[in-house]
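Asks: Here it is, the structure, as structure tokens.
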């Protein structure tokens with residue numbers, strides 16, 4: 001029994017625990033359900049609150065709108081009542097004046113007719129006889145007599161009207177814009193995807209021109225703009241309820257827009273409000289210069305790169321467009337240099353700033369170099385003056401320093417005793433020089449002494465440079481650097497003097513003996529050197545500690561100045577300096593004047609360049625500084641290579657007649673194919689198979705980035721005098737005009753020799769293959785044509801093959817030309833001209849007067865597509881001698897299957913039905929004179 005009772009207890013406890021376990025999940029699920037219900041209720045409450053806010057805003061906007069409409073209606077009612085009252089008063093006054101007339105029943109129209117007839121005094125009035133006969137003159141312009149009744153003249157008078165002769169109507173004329181050069185079509189002028197409406201003269205109504213009746217036009221999605229009321233609701237709702245997803249969704253449902261659009265619109269509105277509040281009072285104080293100070297040169301020139309055309313050298317080029325691909329040439333032009341580099345550019349020029357310091361340094365060094373003997377005056381006075389004039393005119397360039405150091409090295413090896421003692425003289429302990437008479441060979445001694453002194457000064461300069469570079473790499477090129485060098489050179493030179501005097505070898509002594517006889521009184525010269533050496537050694541121990549402390553002060557001061565000075569150079573100033581080095585070389589005067597005007601002076605530019613050059617070995621340069629150093633080295637290398645070329649023979653180009661006629665083979669192969677559009681390549685080396693020009697079948701031009709030795713580059717001609725109008729000229733044979741930048745003898749100038757070109761000596765000495773480039777066209781007149789419509793006429797007589805003018809127009813694609821040509825064909829006109837494989841010229845809206853030149857099977861002109869500085873252009877030339885006043889005709893040369901009926905040849909007119917449609921649009925072609 002006890003066991004059964006225990007089992008029952010265990011079972012009941014297990015069932016209780018199981019029921020408890022089942023009740024826990026059910027309670028948690030109920031809690032989750034209650035939380036979701038609470039959250040849903042909160043969201044509903046929030047959405048209801050947002051809706052209430054939106055409704056209140058709508059009601060407020062509606063009330064404001066109603067008030068505004070009522071006010072406008074009241075204002076309009078007042079204005080209309082005043083206007084109608086004035087009109088009513090005028091009508092009433094007219095009625096009163098009419099009622100006062102004698103004949104109240106008279107018709108106003110009849111009265112006006114009588115008044116009008118009474119004013120016709122120029123008409124012939126013929127009286128009528130009693131028998132009814134009249135006197136008439138026989139005239140071709142007379143017509144039947146008309147009898148007028150009324151008060152004009154005698155009763156039953158007959159008036160003979162005048163019949164004007166018939167004048168033919170003027171031909172239809174289209175308004176067009178004159179173009180002196182071709183221009184690319186803008187996107188808004190395209191007719192693709194649009195329906196064209198034209199007037200059909202046969203049926204007398206306007207029709208829609210389309211390629212097919214089922215042509216579907218893609219309708220662009222209408223972009224709904226936000227109204228002012230919607231902006232107000234969005235702004236006020238977000239301010240009242242905050243920016244949340246529920247608010248955005250409610251606004252989107254209410255306005256039937258996307259939630260992202262609502263959010264973007266609010267950000268725009270909020271940004272405009274913040275921007276307007278921040279810019280109040282400070283907009284007009286911002287300078288244009290301050291906008292670019294913190295930018296890099298590339299960022300500042302972003303708009304320049306997009307708007308400036310490097311082929312036409314104009315801004316906003318209509319031919320090549322904006323945002324062209326930048327092509328940087330591999331070969332840079334040599335740096336330009338001024339006429340006289342020794343003339344200072346201004347009061348802040350580095351030449352003026354460095355002359356006093358250099359002169360003072362020279363005096364400090366040369367004061368003790370004078371010998372105490374009788375020959376010292378002749379030895380050292382002349383070199384001192386030469387050094388003040390020539391040696392201390394400022395900092396030398398790197399090449400001059402290297403030359404002086406090499407010279408000093410040779411002198412020091414030959415005469416070491418002449419260098420070290422003299423370089424360590426001090427001006428405070430030097431003995432006074434004595435005056436001695438000069439012997440009969442004094443002139444020779446003067447010259448010899450001068451040369452020796454110059455060598456000594458060059459060796460001293462070498463020692464200064466070596467000691468200064470060993471002491472500090474950051475001191476040279478800035479203020480007080482020269483004084484620090486002199487102090488360190490004096491101390492170190494004394495040490496070298498002691499070592500060299502104690503450890504002199506017999507060979508050195510023998511060299512001394514060989515060199516001292518060149519100077520008069522060698523014993524006195526040696527005694528002076530020994531005395532100066534002892535005095536320098538005595539001074540060295542006393543001033544060593546003082547000089548070392550002063551040196552540390554100078555170094556620390558100069559380092560601080562350099563750091564502050566380098567921070568003052570902004571990014572755009574460093575970029576302009578790099579450009580200046582590329583254009584003008586190391587000429588700091590031209591760089592400061594042309595690129596850094598108002599920012600940095602000539603002295604600042606000079607010091608910065610020296611700092612970059614002297615500290616490049618330490619590896620502390622970065623960014624623009626290393627780039628400046630690269631340009632400095634590159635400029636020196638280019639200058640040196642040009643120097644060696646001038647010393648040698650004249651460098652001849654690797655140019656043969658075979659390479660000059662490289663394009664002739666291509667011409668003959670593609671005789672019947674259209675010209676290829678040229679696009680510059682950006683190759684940085686000799687063009688290979690990947691070159692776009694080579695793959696496109698065109699030659700590389702001067703606008704390409706490849707070097708001049710590229711085999712695919714067109715090299716121009718070497719024609720002499722006026723031989724460029726024959727097929728011996730490579731340019732003329734390739735249907736190109738000569739380019740003054742490429743062709744050797746084809747000059748372009750003012751004719752007076754001011755630009756370095758030969759003086760103009762008549763027509764036989766100038767290139768005659770640059771007519772389109774120089775715009776040397778004939779005068780063309782516009783008049784009524786005897787063939788059709790308007791025509792072009794020549795004002796002056798011309799000879800055969802003379803250039804008349806250019807056929808200009810819009811550059812459009814072939815697809816665009818097919819669409820436009822359908823309208824032109826229906827109007828029986830043609831203004832399309834095939835230019836190359838990409839573009840067609842359309843002169844309907846824009847062009848020159850030669851667009852009116854008509855077609856003729858036997859013309860007196862011909863058209864020719866010519867490449868002029870990389871662009872294809874159409875020139876009109878005389879096929880025969882044309883007299884003044886003759887009309888110009890040329891063969892449009894339509895393709896046989898696309899020519900209209902009036903342009904087909906007589907023998908081919910019946911081969912094809914005139915009413916049969918043809919594929920494509922009729923386009924003019926240039927004459928092929930490549931034969």
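Any Cβ shown, glycine's included, is placed from N, Cα and C.
Keep in mind that what you see is a predicted model, and the values were worked out from it rather than measured.
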Asks: Of the ranges 255-313, 491-549, 550-608, 609-667, which one does Swiss-Prot list as region 'Disordered'?
Replies: 491-549
Asks: Looking at 874-902, 903-931, I want to know which stretch Swiss-Prot calls region 'Disordered'.
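Replies: Swiss-Prot lists region 'Disordered' for residues 903-931.
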Asks: Have a look at 1-37, 38-74 and point to the one annotated region 'Disordered' in Swiss-Prot.
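Replies: It is 1-37 that Swiss-Prot annotates as region 'Disordered'.
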Asks: Run through the domain 'SANT' (565-615) and tell me, per DSSP, how many residues are helix, strand and coil.
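Replies: Helix, strand, coil within the domain 'SANT' (565-615): 37 helix, 0 strand, 14 coil.
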Asks: Taking the domain 'SET' (778-893) alone, what is its mean pLDDT?
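Replies: Result for the domain 'SET' (778-893): average pLDDT 91.
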